[in-house]
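Before any comments, here is the structure.
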Amino acid sequence: METKDRDIVKVSIEEKLTEIVSGFGRYQIWQSVLAILPVVCTAMSNTNFVFAAASGNYRCAVPECGSSNVSFLSTLSNLTNDRCYRPLFHHDSCSPENFDKEISCNKWIYEEKNSFVAEFDLACQEWKRTLVGTIHNLGVLVSMPLMGFVSDRWGRRTAIMISSLSLCVGAFKTLVTTGPTGYLQYVLIEFIEALLVTGTYTTCFVLIVEIIGSDKRIIGAAAVGSSVAIGELILDFIVWNVPYWRKFFLIIYCPAPIFIIYVYILEESMRWLLTTGRKDKALIVLQKIATWNKFAITCNVIDEVNKETLEITQETASATEKFTIKLLVSSPILLKRVIVCSWWWFTAAFVYYGLMINSVSLPGNKYANFGLTSFVTIPGDIIAVITLDRIGRRKTLLGGFLFCGVCCVGIGFIPTDHKIASVAMFLIGKLSISACFNSVYVYTSELVPTSARGSLVGICSMVARVGTVLAPLTPLLTLAELFSPHKGLEFLQSDFWRSFPTLIFGVTSLTAAMLTLATPETLRRRLPDTIAEAAAMS
């Protein structure tokens with residue numbers, strides 16, 4: 001009876017805390033806007049490699065005919081189907097009929113001499129170009145647990161400021177030299193930048209949720225997701241008007257020093273202050289909330305909330321420490337659920353970033369295509385917010401993965417002259433996976449017990465990062481020039497093969513959709529606290 005009474009007291013205290021801290025008054029609006037701005041800037045940092053390390057046009061240099069007229073240069077591309085091979089010169093004339101053999105190129109002429117590919121001399125080394133995105137996302141992979149530790153140890157505001165100010169690191173990429181040495185300098189800075197900056201996403205999401213209330217985490221996820229899309233749209237606009245990578249880097253990184261003022265205007269999470277025993281600072285934040293939102297609070301209520309919240313947090317931490325991998329393996333239902341959730345996270349990240357990266361290869365203007373691909377994220381987030389609480393978590397996720405899979409697979413069967421249809425299918429696929437991206441976090445957290453929620457969601461998040469590491473490499477699948485034309489691989493030139501990345505995205509999404517059928521619906525169900533309760537869900 002005593003335990004039951006204590007549970008009732010805890011609920012009432014938590015409700016008091018939610019009533020004071022949550023809601024959406026002027027304080028919550030202002031602090032949420034402040035938390036979103038670093039996300040917008042970080043989105044530009046995390047996706048600029050799509051344009052900076054873009055593929056460029058080039059051809060083999062033929063020194064023997066370097067002074068020939070334009071008519072020779074125009075016919076050179078017709079002498080070989082591969083930019084990595086050139087005709088062998090063995091006559092006195094540069095007439096096309098005198099080139100009857102091919103040899104590997106060792107020197108190239110670039111259409112744009114100041115492009116990324118030209119400055120680092122990356123012709124026929126497409127793997128190095130696409131490796132930039134992979135190196136960046138490796139930094140993201142390491143950054144997540146690192147900034148998570150900083151956020152929990154020193155506070156949300158501290159983590160956000162470190163990540164935001166570290167955007168200045170990216171500006172050093174404009175100073176790298178040309179050639180192979182410059183390329184190594186570039187990828188090293190790219191990794192360090194991602195390592196320090198990317199924690200902004202999760203930390204800002206946590207701060208927003210703690211400001212507006214955990215019951216509004218779906219809205220918080222949508223806000224962060226839409227902010228990422230806004231950042232990508234701003235990047236697209238800048239690059240469209242300033243295409244040279246060294247110049248647009250200076251533009252997108254110049255706002256970073258402004259975030260130093262967050263020391264004075266961004267408040268620490270009151271919940272974090274309470275759970276870490278910083279009572280005096282928590283009282284100051286509470287008073288600011290009351291002032292901004294124009295309501296009065298008494299110190300007696302604050303002290304009561306403070307005391308009980310600390311006890312709840314300590315008991316939750318104690319329960320979490322009891323979770324071990326051994327307990328996970330001992331529960332086949334929970335183990336299966338974690339494997340399924342991990343595949344969802346991998347698919348959402350792999351397909352989301354894969355479609356974004358490959359959007360610049362769609363028919364038409366690459367800037368318009370990237371902008372449209374970024375924009376559809378916003379309606380995708382809105383759809384997720386509406387459907388998650390109406391038709392349920394499982395149906396939302398199932399529908400999102402299914403639509404995305406069908407669209408991505410279908411692109412490979414659309415004739416090349418139907419460009420609008422191809423782009424439309426691509427955009428529907430991106431919209432659908434955007435809805436899934438926000439849904440997997442909510443659904444996963446409701447499928448696993450409280451005693452293991454942090455650890456298991458963390459495992460899924462790490463698996464998702466593997467997807468982001470692999471996504472930048474998918475454009476390599478469409479490059480026939482990676483292979484010698486003498487190896488019988490002419491089929492790589494086919495239209496179907498050029499859509500092979502989207503076929504992979506589609507199959508991955510359809511697999512995730514089928515796995516959704518193996519999980520229970522969690523809408524309007526109490527969150528499981530133990531492994532036994534989670535396993536009992538059906």
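Think of each number as a place in line: the chain as shown, counted from 1.
Heads up, the Cβ atoms here are built off N, Cα and C, so glycines get one too.
Residues or ranges marked as domain 'Major facilitator superfamily (MFS) profile' in TrEMBL: 70-524. Among the features that TrEMBL reports, transmembrane segment is placed at 159-177, 183-209, 221-242, 248-266, 334-355, 367-388, 397-414, 420-444, 456-480, 500-518.
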Exercise. Flag the pair the transmembrane segment (367-388) / the transmembrane segment (221-242) as in contact if three or more Cβ pairs fall under 8 Å (sequence separation 6 or more).
Key: yes
Exercise. Six or more residues out from either end of the transmembrane segment (420-444), which same-chain residues have a Cβ under 8 Å from its Cβ atoms?
Key: 217-218, 221-222, 225, 341, 344-345, 347-349, 351-352, 355-356, 359, 362-364, 369, 372-373, 376-377, 379-381, 383-385, 387-388, 393-394, 396-397, 399-401, 403-404, 407-408, 410-411, 414, 456-457, 460, 502, 505-506, 509, 512, 519, 522
Quiz prompt | Interface present between the transmembrane segment (183-209) and the transmembrane segment (334-355) (three or more C-beta pairs under 8 A) | solution = no
Exercise. With pairs restricted to those 6 or more apart in sequence, evaluate whether the transmembrane segment (397-414) and the transmembrane segment (500-518) have 3+ C-beta pairs under 8 Å.
Key: yes
Practice problem: For the domain 'Major facilitator superfamily (MFS) profile' (70-524), would you mind checking the mean pLDDT of the predicted model? | Solution: 82
